[in-house]
Amino acid sequence: MENEMVINKDNYNQKKELDPNYLLGDQEHIDKTTKVSWILVITTISTSLGCSIPAGYNTGVVNAPAEILKQWCNETIIQRYYVQFSPAQLDGLWSILVSVFLIGGIIGGVAGGKLANALGRKGTLQIIYLINLVSGILFFSSKSFALVELFFIARFLSGLSAGLTMAMVPMYLLELSPANKSGLFGVMFTVGLNFGVVLSQFLGLGNILGNESSWHYLFSLYGGLVLLALPTLKCIPESPKYLYTVRNEHSKALSELSNLRGMPISDISWELENLLVSSERWTLRKVINEPSSRKAIIITCIIMLGQQLSGINAVFYYSTSIFRNAGMSTAGAQYGNLGAGVINFIVTILSTTFIDNFGRKTLLLFSSTICVFMLTALMISMILSSIGTIPGISYLLIIFVIGYVLFYGFGLGPIPFFIGSELTDVGPRPIIMSAMSVANWSGNFLVGLTFPFVNLVLKQYSFLPFIVFTVFLIIFTWKVVPETKQSLGQQSTDTE
C-alpha cells in the first residue's frame, strides 16, 4: 500500500526563513511515496493485543459480574478474617475495588509522558505488557488464594497500565504512521479500546464467564492476548522521531525509519530532515510557558473532558433499563446493551475508512451536534415515558440510544485520543498526551462519582448536564480548535 505525498517548496522556504536550521531537500519539487509496511501493521496489531484491548477490557469487565464479585468478597472476608460486612460496607468495598482502577489510570497518565521520554516508546510498551501480564495473573490467583487484596492490586495495576497506554500508544502510532495516514493509525487505538470493552461485555454474560465458577477466567483472560503480543516485541521499532529529536541519535533514527518503511534511507530521509532538533528538555512548566504548546495542552484536555462529560457512560448506564422498558427480558436487555457496544465498535472501524478524508474539526462538530440532538430527544422521550402519554415511546428510546452511540463513534469517540499528538511537536508531545490521559481518567472518575447523585436528583432530566457540556464543547471546538488534518499537498512538519 503506497500513499503519495507531495512536498510544497514554498511552505519549506517560509519555514527556512524563520529558522536557518530547518532542513530542505535539494529538489525544487519532491514527489515521494511512503509505504505502510508489514512492520507497521504488526506493530499496530501488537499494541492492540498488548495495550489497547486490555485497557478497554478492564474498563468494561466489572459491570456484568458485580453482584457475584460482591458475594465472593463477602464470603472471602468472613472465611479469612471472621468479619461480617453489612450491605452498606460491602457496597463501599466494591466501590473501592472499582474506583482504584481509575486512580491507577490517573497515576499511569501522569507517568506516561516521563516514561516515554526516559525509556523510549518501545521501552514503555514493554513496561505496559509486563504490567498487564502481572495483573492478569493476580486476577486469576485472587480466587484460588481467596484474597481480596490480590484483586485490589490487580485492579490498580490494570488501571496503571491503561493510563500508560492512553498516554503512550496513540502518540507512538502517530509517530510511526505516514503523515497522510495519521488519522487511520490514530483511530486504531480506539478500535482496540472499544473491542476490549465489547469483548468483556460479551464474555461477562452469565451463560459464558460472568458466573460464580468462571469469573476469575473472565477477569484474567486478556493476559492471553498479551502473551500473543510478546513475541512481536522483537520486531516492532522504536519511534524514529523520538530517536531523532529527543535522543539525538540521527543514524539510528534513519535506520529504524528505513526498516519501518521498507525503503532505502536515501528515499525516506526527508521524513526526518524537516524535524528541528533541540537540546532542551521539555517539562510541564515549559509546555505551559510556551504559547503554542500551552494552547495545545488546553485544547487537548478540554476536548477529552468534553468527551467524558458528553454522556456516553450515562447512556450505557441507562441502556439496560431502557431496553427492559421496551418489553425485553433482563437477558434480552443485556444483549441489547451489548449490541449498543458492538455498534460503537463497528462505527469506530468504519471511521478508519473516512477519517483522513474529512477534517478532525469537521467530524468533531458533526458528531457532537448530532449527539446533542440525540441526548435531547432521549431526555424528552424519558420524560414523556414517565408520564405515559404516548404509546410506543419506549421504542423511540431505543432508537435514540442507538443513534447516540452511532454518531458518537464518528468523531467524538476516537478523535480526542489522538488530536493532541497532531496539535503539537515531538518535544512536548509526551507531556501533552499525559495530560490528555489524566483528563480522560479524571473525567471518568468525576462522572462515576457524581452521576448516581445527579440521577437521584434530576431523574428523567439527568441527561441535561451532559447536553450542556456537549453544547459547550461544540462552541469551544468551533471557536478555538484548529484543523489538524493536513491537505494532500502538505508535508508534516513535526518541529521541536
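Placement of Cβ uses the backbone N, Cα and C atoms for every residue, glycine included.
As annotated by TrEMBL, transmembrane segment applies to 36-57 (among others). Same-chain residues lying 6 or more positions outside the transmembrane segment (36-57) and placing a CB less than 8 Å from one of its CB atoms are 1-3, 125, 128-129, 132, 136, 158, 161-162, 165-166, 168-169, 172-173, 176-178, 181, 185, 188-200, 221-222, 225-226, 228-230, 232-233, 235-237, 259-262.
Per TrEMBL, domain 'Major facilitator superfamily (MFS) profile' is recorded for 44-485.
For 93-115 (among others), the entry in TrEMBL reads transmembrane segment.
Summarising the annotation, TrEMBL assigns transmembrane segment to 127-146 (among others).
What TrEMBL lists as transmembrane segment is 152-174 (among others).
Residues 40, 44, 47-49, 51-61, 63-64, 169-170, 173-174, 176-177, 209-210, 218, 221-222, 337-338, 341-342, 344-345, 348-349, 351-352, 355-356, 360, 409, 413-415, 417-419, 421-422, 485 of the same chain lie 6+ residues outside the transmembrane segment (183-203) yet bring a C-beta within less than 8 angstroms of a C-beta in it. Annotation comment: TrEMBL describes 183-203 (among others) as transmembrane segment.
Residues or ranges marked as transmembrane segment in TrEMBL: 215-233 (among others).
Annotation source TrEMBL lists transmembrane segment at 296-318 (among others). For the transmembrane segment (296-318), the residues of the chain that approach it from at least six positions outside its boundaries are 287-288, 337, 340-341, 364, 368, 371, 375, 378, 401, 404-405, 408, 412-413, 415-417, 419-420, 423-424, 428, 431-433, 435-436, 438-440, 442-444, 446-448, 451, 455, 462-463, 465-467, 469-470, 472-473, 476-477, 480-481, judged by C-beta separation under 8 angstroms.
What TrEMBL lists as transmembrane segment is 338-355 (among others). Remote same-chain partners of the transmembrane segment (338-355), defined as residues 6 or more beyond its termini with a Cβ less than 8 Å from a stretch Cβ, comprise 60, 183-184, 186-188, 190-191, 194-195, 197-198, 201-202, 205, 315-316, 319, 363, 401-402, 405-406, 408-411, 413-415.
The transmembrane segment feature in TrEMBL is assigned to 362-387 (among others).
Per TrEMBL, the feature transmembrane segment maps to 393-419 (among others). Among residues of the same chain six or more beyond the transmembrane segment (393-419), those with a C-beta under 8 A of the stretch's C-beta atoms are 166, 170-171, 173-174, 182-183, 186-187, 189-191, 193-194, 299-300, 303-304, 306-307, 310-312, 315, 318-319, 322-323, 325-327, 336, 340-341, 343-348, 350-351, 355, 360, 363-368, 370-371, 374-375, 377-378, 381-382, 384-385, 436, 440, 481, 484.
The transmembrane segment feature in TrEMBL is assigned to 431-451 (among others).
The transmembrane segment feature in TrEMBL is assigned to 463-481 (among others).
Between the transmembrane segment (93-115) and the stretches 127-146, 152-174, 362-387, 431-451, 463-481, it is 152-174 that has the most C-beta pairs under 8 angstroms. Taken together, the residues in the domain 'Major facilitator superfamily (MFS) profile' (44-485) have a mean pLDDT of 88 on the 0 to 100 scale. Against the transmembrane segment (127-146), stretch 215-233 has more CB pairs under 8 A than any other of 152-174, 215-233, 362-387, 431-451, 463-481.
Sequence-remote contacts of a segment are chain residues at least 6 beyond its ends whose Cβ falls under 8 Å from one of its Cβ atoms, and for the transmembrane segment (152-174) they are 43-44, 47, 51-52, 54-55, 58-59, 96-98, 100-113, 115-116, 121, 124-125, 127-128, 131-132, 134-136, 138-139, 142, 182, 185-186, 188-189, 219, 239, 417-418, 420-422, 429-430, 433-434, 436-438, 440-441.
The list of residues near the transmembrane segment (362-387) in space but at least 6 beyond its ends in sequence, with Cβ under 8 angstroms from a Cβ of it, reads 303, 306, 310-311, 315, 325, 355, 393-394, 396-397, 400-401, 403-404, 407-413, 415, 459-464, 466-467, 470-471, 473-474, 477-478, 481, 483.
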